[in-house]
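As written in TrEMBL, here are the features:
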type	residues	note
BINDING	ASP59, GLY60, ASN133, ASP134, LYS144, ARG167, ASP169, GLN240	NAD(+) binding site
ACT_SITE	ASP59	active site, proton acceptor
Amino acid sequence: MAKAILFVNQKKERAKSLAVEILKDLESRGMEAESFNFEKKSEPVNRDDYSIAFSLGGDGTVLYTARTMAPLGVPVFPINLGTLGFISGVRPENWKSVFEAYLSGKAKLSRRLMLEAKLSRRGSVVFSSCCLNDFVISASGIAKIINLSVSAGHEEGAEFAPLGRYRADGLIVATPTGSTAYSVAAGGPIVDPELEALILNPICPFALSGRPMVLPSGEPLLIEVEQEQRSGVLLTVDGQVTEHLEPGDKIFISPSTTPVTLIASGRTVFYEALKTKLSWMGG
């Protein structure tokens, strides 16, 4: 039997009422379904028999849902109840027609690159996570510069070629999906979300040569936290999960083995969002 899970933003009354509606509809179709309150910060039951994951909220809810379910190969149905809606492109009043199109194999599907980070400290991996939008390495204090060294290679553990040393407020490593999030606000390029690339974007670099770079996704990055720092250093995942870093830490960033499939979130949704949300005029 098909099984669905609903990730519901409990701060939005419309999300909670819509969840009740969707649960009733799924049950009438003979589908097993359950709602998950992700704000309690606990993980859902670790099982791989879900066939679809609904995201009821804004883009932040989609990010959490993708990080949780994409590693299991579960497609995400993002219903937009937020403000921006760059990722969550399905309007709440249209969810049923889009879902029926999905069941009949006629819905738009968008496969999005996700990245994986492994934090190595004194030779041991102490933290790992995937992201749909970005990894951000930044100072923990206001108006503080951090020092990072960045290299690129062909595979983790192989010899890495130095890309440069950054003295900046921080460094963003973004996916194409995340190119319209923090990265674009920091002067980064807008990249089609279905491309496989990554964006390396320094935040307020203390150098005239500090510019964003677009790199092939197949080349992993090695980011080293240098010993000399005037501030604490943080690693933030999709703006939602934060890990404290130490001098000497090494962060390996590479494509996740499993991309996320977003239902009804194709290029049309992306370009419409550019016009309506960022006032993009095409030139």
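Here the Cβ of each residue, glycine as well, is placed from N, Cα and C on the backbone.
Where the annotation comes from TrEMBL, it is an automatic prediction and has not been curated.
Remember, predicted model here, so these are calculated numbers, not experimental data.
Close to GLY60 (NAD(+) binding site) in the fold, though at least 6 residues off in sequence, lie ASN9, GLY82, GLY239, GLN240, each with a CB less than 8 Å from its CB. Here the Cβ of LYS144 (NAD(+) binding site) has 15 other Cβ atoms within 10 Å, regardless of which shown protein chain they belong to. Non-local neighbourhood of ARG167 (NAD(+) binding site): ILE145, ILE146, ASN147, PRO205, PHE206, ALA207, each in the same chain, at least six residues away, with C-beta under 8 Å from its C-beta. Mapped onto three states, the DSSP output places GLY60 (NAD(+) binding site) in helix.
Working note on the binding-site residues ASP59, ASP169: by count of other C-beta atoms within 10 Å of each C-beta, ASP59 ranks first. Sequence-distant contacts of ASN133 (NAD(+) binding site), defined as residues of its own chain at least six apart whose C-beta falls under 8 angstroms from its C-beta, comprise LEU63, ALA174, THR175, THR177, GLY178, ALA181, TYR182, ASP238, GLY239.
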